[in-house]
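Taking it in order: structure first as structure tokens, then the write-up.
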Amino acid sequence: MKDFNKVRIAIASPEKIREWSFGEVEKPETINYRTLKPEREGLFDERIFGPIKDYECACGKYKRQRYEGKVCERCGVEVTSSKVRRYRMGHIDLATPAAHIWYVKDSPSKIGTLLDLSAGQLEKVLYFSSFIVTKPFNAQKDGRPLKRGELLSDDEYRELRFGRQETYTIPNSVEDVEIRDGEYVTRGQILGGNVVSKMDGLAQYRFPRRAVIAYSEGVEASLPLPADTLVEQETFRAGEILAELEQDVQITAPVAGTVFMHDLGEDSVMIELREGVEANDSDEEEAADPIRGEVLARVYVPHGMNVQVAEGEVIEAGALLADASEGARLRVSRDSNLSGVTFPKKKGDVTVTAHWTRRVEYPIDPTMHVLVGDGSEVTKGQRVIGAIDKEEEVIAEADGVITLHQPASILVSKAKVYAYDDEPLVVNGDRVEPGDELADDGNLRSEISGRIELDLVRKQVRVIESYDFEAKMGAEAVKELLDELNLDELETELNEQMKDNSRHKRAKARKRLEVTRSFKASGNNPSWMILGTVPVMPPDLRPMVQVDGGRFATSDLNDLYRRLINRNNRLKKLMSQGAPDMIIRNEKRMLQEAVDALIDNGRRGSPVTNPGSDRSLRSLTDLLGGKQGRFRQNLLGKRVDYSGRSVIVVGPQLKLHQCGVPKRMALELFKPFLFKVLEEKGEVTNIKQARKMLERYRDTRDSVWDALEEVIEDKVVLLNRAPTLHRLGIQAFEPVLVEGQSIQLHPLVCEAFNADFDGDQMAIHVPLSAQAQAEARIQMLASHNLLSPANGEPNVKPSRDIILGIFTLTQLRRDNLGAGTEYASEADALAAFDEGKLSLNSPVMVNGVETSPGRLRYTFSNPDEALHAVEQGEIDHQDHVRIRLNGQVYETSAGRVQFRRMVQEALGAQGGLIDTLVDLETTYEKDALKDMVMACFKHLGIEATAGLLDGLKEGGFKLSTTSGITIGIDDIVLPPNKGELLAEADQMLAEIEQNFEFGFMTEEERYKQVVQLWNNTTDAVKDAVFENFSKNYPFNPLWIMSQSGARGNPQQIRQLAGMRGLMARPDGSTIEVPIRASFREGLTVLEYFISTHGARKGGADTALRTADSGYLTRKLVDVAHEVVVRDVDCGSTDSTVMPLGATDERTGEWRSRKGSEIETSIYGRTLTADVEFSDGRVIPEGEMLSMEDVKAIAKDAKHIGEVFVRTPLNCRVKAGVCQKCYGYDLSQAKPVSMGEAVGVVAAESIGEPGTQLTMRTFHTGGIAGGGDITMGLPRVIELFEARKPKTQAVVADRDGVIRIEEEEERYLVRIEADDEQYSSKTATKVPRVLRMTVKDGERVEAGQPITRGAVNPHDLLMYKDTDAAQRYLVEEVQRVYRSQGVKVHDKHIEVIVRQMLRWVEVTDGGDTTLLEGQTVEHWEVDQANEALAEGQTPASWKPVLLGITKSSLTTKSWLSAASFQHTTHVLTEASMRGQVDDLIGLKENVILGKLIPAGTGLLTVREMQVADDRTLEKYGEGSTSSDAVTGGQRYDDTRPGSSINPGYGD
């Protein structure tokens, strides 16, 4: 399966999940605690996942391989290898669908984007707190049609589905309510007491507490008043006057009887005289009840008369019933009227028929119910109020009208009530639409949609307004919507929205359109984001193992699966039992949460934790992402066999290409090879024997060790020291067997590994195959990696003791006794020496020529003679003498001649070129030795250089040991004039303080002057220390160590022997009180305390720096790993201008850049224009600049001015660079090879020195208003992440003349362009804290900073161009590295910057498929535009700058992005798009276990055949010269078809 070149990721369909599965897991059980065998249908079931034991079924009926493939009829287990349990999957069928949380919680949510739902809305639907409309039909909400996909709360759903009804409780204290039963009320209307209706609707009483029946009474009665006093008319209306009395009147009883009165209102009564009922013993109450007696007479008493009898009173005939005095006005009461008034013709009373309403109140208790509606007419004898107890029922005493009062509650509903006469045509619960028949043979029709409630008693049809529509909750609803989604229609709709004028709407439509197109193009069905079936991982990937004590340790996944299965089974059971909807809904929500926890625990809500601890369980997502996830832990970083680890110790006797491997370790590492050799030698006959032999006899049999020596003879091993910050962190060495248990390391490779011998450990690996061995030997051997890939300088160079020894040997002694004296002749000078007036090395003048007594006294005919004199003690190695060499006399020292011989011996056969390497005039310190190594590499090649280094190492160590140099406290010599310098400083300090007291300066100026004073004083003391050492103590061990570069820098020497000087506060600002003492003198308590500040800050910085630097390296590798040399020449005609200097603004002088800066800018680059020197020499266009060329250009910088070169920034190769644009491979000092992984090299070159960079934020001294300037590592990170700087400079946004107006707190800046229409319309406000760097009226260019501060690279891109942004980023990163003395070639930074600027933002998609606002690589826009037909509008774009993190995640390779950061987001996006990874970069190939498409992994190299010289001659090949690096293997990478430019999406 290694033969594939693309990998696609997509969303799995339910069918695909079932296809993967070998059976359904139905039970949550794992293994039986007694038998320890998997339970059937459980999470470890052998029938589903395969047998636990190789080729053995569960019951043991079938054993051995011969039954392979057979399924046991007894236990149902297939007989096969137990390895299948690592890849056989199962599945769980869910009782209800569940959403995949990745597509829900990703930002933006994929499901939400498609359905146009916000994250919050989608969550409400999925977790059962809102309904979503799936089929709206003709439902209405708030007067508008209901939309598909609209969310409804529980209440809204109930209201729309079943009608809105609200019940309002009326307190007992309310006597009566404000509204009548059946009245329409409006929102805010008072119903009763303080109760207010919250909606418009029909109000109905619920449980009235009392009823009042108004009976209509009408009886004939006498009006015993004189007829002449009454107004003569037949009828009297309510309130009409009956009579105005002119005399007193009395009404008397016509008969004897019991009085019964009817109240007619307003004191008017109808008096009935009734016959009394005789009481009997059994029914006293009945006897006393006058109603039951017969009416004997009725008398009408009008309003205005005074009644003189009481209810129930027994009176005699003639008794006074009522009276009225003269002048009284008698009238009909307002609640009654009179008709049929008859006046007697002769004698007798007036008779009238009186009509009135008699109100009878009936209390209603909870056991009673009203049978008629409020305001209904009742007839005499009608059952009005029913009751459980028949005797409590209320029967109407007469015809009348009933009113209900004091309801316990009022029901307000959106409904319409229709009264009917005939039979209704609908029944309770029916649904009707507008126009549907209700009753009366179809004459009564509904006006609204709704649900029917019949009131057969009152003969009413109530239509409660509601609608028949579908709305659901949970993933089931979402799945239905996704299933019905028409992507073509949606795309058309969104394309229309993209034409909207609103930018916000266009941005939203673009996001939705991208997702829609992704689903269309990938063939994914959107509904697959909802799971109906959950796959179950193979059991061996979620194992369960028995630990001590009989307990089981299990993978967290098993707990999560168990939880899911339990909930799923419970839901199935509840659904089959018909449980209430609320319970089912809750269970479905819990099932969704169980699926969420399994896929991504903790993504929503609080994570599921381990019982008994707070540790959250590791879900499937946790297995993928993070440092411990599958990508980074297992795919990109595997543990390998044939490896070991041990402490390292120095091996000074080793050659550069060797390392010492402990015997025991080698025995284990080379075991397979050893077995083979022992077998070949006949020591053993098989592997088993060989293994036994090694275990038992390895210490007693020499043959084992002899065989081991033979095995390792032509092998190399790899040594690695963590952290592996650059490629030199792993190098190959030939093993040398050593005693002990430590790995021995060559001292010179320590720098590359950053190793020291204070307990460091290193890992050792054995390349197994012949190809691996060959590759390791050719490309990784320590002696083949002498130059640093970062800057091309030797990284293997003499250091420490070696430098010290050689420096001591080649140093010249200079004595001061009699120095500078002039003598007429050599004899005079020697005479003075003999008299003791001169020392042997005192410089004197003889006949105007400088010499010394040593040079005059000693002239040796050859080096041997000089060295013999040293042995005899006549002279020292450092004495200045004359020595004849190759027929020429040199004024030098015996030491230098000895050094020359040492180098010559180290070079061996190539020692003839010694004069090009060793200069007898030079004292060899660190840099001189480094230059010598570089020269050797250039002239003599790698092998000779490795030999030279070994020779220098051996000689240097020997000399360092024999010289006996060491330091003691007495070697720290204080300068004699330190006291004077401090006294001067104190005097100046007093002046500054005095000026401040007098008000001549501000606090800020005083502080700055004090700091400057002490800085100057510290420098003066430092100079005094150095002068003292160089003049008086040139051979002081401390001075020698510092001067030679072996150990100790000038700052350390200054602090030891001079003064410590100013210290920093933790915030980086300077404390103005200096430490005057040196360490030699000792610090006072205060001085010690002051110094602890900075020291602690330093310690904290180092810890932080290491982590930040490592993370930066990782981000850089991720952004650039795909950049490989893929072509010979991309044909780019663009060039980058590299200025060699600049004109000083203040002096107007032209100043050249430093030599090292010019080197890191142009070394190894291809010229795009001729370079002409002042002497007429020309380097032609197309040449690559060697180090000699660069040094010559640096010398003639003023004449040349600038150089035009090709850089990776302008390279046109997709996902890589070409050889011409990249230039030299700095580690080989020659043009880069095809397939070189220059992106990774660039990332390592920038990241590896990151730890050396300071963390410091440079503070302006704690003074208010001074901004912080970010420096060091944070500044590098800020630049590579393209962040807005902390203190940002204001940049000119156009070319023109600047106009500055000053205000109190700010400047107002306006730029006048040459063309008036382009001038600034509004002024830019600049705070005064930012100092202006230009003056009013000055000419400025677009992109030019006009204030102090760091420029935002995005501004440069916007106002100027891509080139300006690129150069700025490169220069700013270099500024930080140079400030720390770190050399990194510009091209490495350019490779990274190119990756940051490869993106563009589409401003107008034109007729292409690209969308406005989309971020794509620029070649994609070009490709899309090229594909257009003539006349179509191409897409337009603007460049964008992405930080390295963003750029890494936006990459085309989903494997690379997912293994970097935000794994779930990347995989979600990629699977939605059905993204194909073309496996162009390195990481994706490493993940898949393929050879990387770089170096020897290139197809062109893999197809290359190895041939010896004879074969080459046979085929007539030209040159047969072999290269040390390729070991005689050559291939022509310029042949046609060797370009490996990838075609994305081909």
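For all residues, glycine too, the Cβ spot is worked out from N, Cα and C.
Look at Swiss-Prot and you will find CYS57, CYS59, CYS72, CYS75 tagged as Zn(2+) 1 binding site, backed by sequence analysis. According to Swiss-Prot, the feature Mg(2+) binding site maps to ASP756, ASP758, ASP760. Under the heading Zn(2+) 2 binding site, Swiss-Prot lists CYS1130, CYS1211, CYS1218, CYS1221, citing sequence analysis as support. Residues or ranges marked as compositional bias 'Polar residues' in Swiss-Prot: 1536-1546. The feature region 'Disordered' is assigned by Swiss-Prot to 1512-1546.
CYS1221 (Zn(2+) 2 binding site) falls within a helix when secondary structure is assigned with DSSP. Of the chain residues outside the Zn(2+) 2 site list CYS1130, CYS1211, CYS1218, CYS1221, ASP1127, ASP1129, SER1132, ARG1206, PRO1208, ASN1210, ARG1212, VAL1213, VAL1217, GLN1219, LYS1220, TYR1222 have their Cβ within 8 Å of the site's Cβ mean position.
You'll find the Cα of CYS1130 (Zn(2+) 2 binding site) roughly 66 Å from the Cα of CYS75 (Zn(2+) 1 binding site).
Between the C-alpha atoms of ASP756 (Mg(2+) binding site) and CYS57 (Zn(2+) 1 binding site), the distance comes to 57 Å. Between the candidate binding-site residues, CYS59, CYS1218, the densest Cβ environment within 10 Å is the one around CYS1218.
In sequence order, ALA58, GLY60, LYS61, TYR62, GLU73, ARG74, GLY76, VAL77 are the same-chain residues whose CB sits within 8 A of the CB centroid of CYS57, CYS59, CYS72, CYS75, the residues recorded for Zn(2+) 1 being left out. Between the C-alpha atoms of CYS72 (Zn(2+) 1 binding site) and ASP758 (Mg(2+) binding site), the distance comes to 63 Å.
Compute the center of the Cβ atoms of ASP756, ASP758, ASP760, which mark the site for Mg(2+); besides them, the chain residues with Cβ within 8 Å of that center are ILE648, ALA755, PHE757, GLY759. If you count neighbouring Cβ atoms within 10 Å for each of the binding-site residues ASP756, ASP758, ASP760, the highest count belongs to ASP760. Just so you know, of the binding-site residues CYS57, CYS72, CYS75, CYS1130, CYS1221, the Cβ with the fewest other Cβ atoms around it within 10 Å is the one at CYS75. Cα spacing between CYS57 (Zn(2+) 1 binding site) and ASP760 (Mg(2+) binding site): 51 Å, rounded to the nearest whole number. Contacts of CYS1211 (Zn(2+) 2 binding site) defined by a Cβ separation under 8 A and a same-chain sequence distance of 6+ are given as CYS1130, SER1132, VAL1217, CYS1218, CYS1221, TYR1222, ARG1394, in order along the sequence. Cα-Cα distance from ASP760 (Mg(2+) binding site) to CYS59 (Zn(2+) 1 binding site): 54 Å (rounded to the nearest whole number). Across the structure, ASP758 (Mg(2+) binding site) and CYS59 (Zn(2+) 1 binding site) place their CA atoms 59 angstrom apart.
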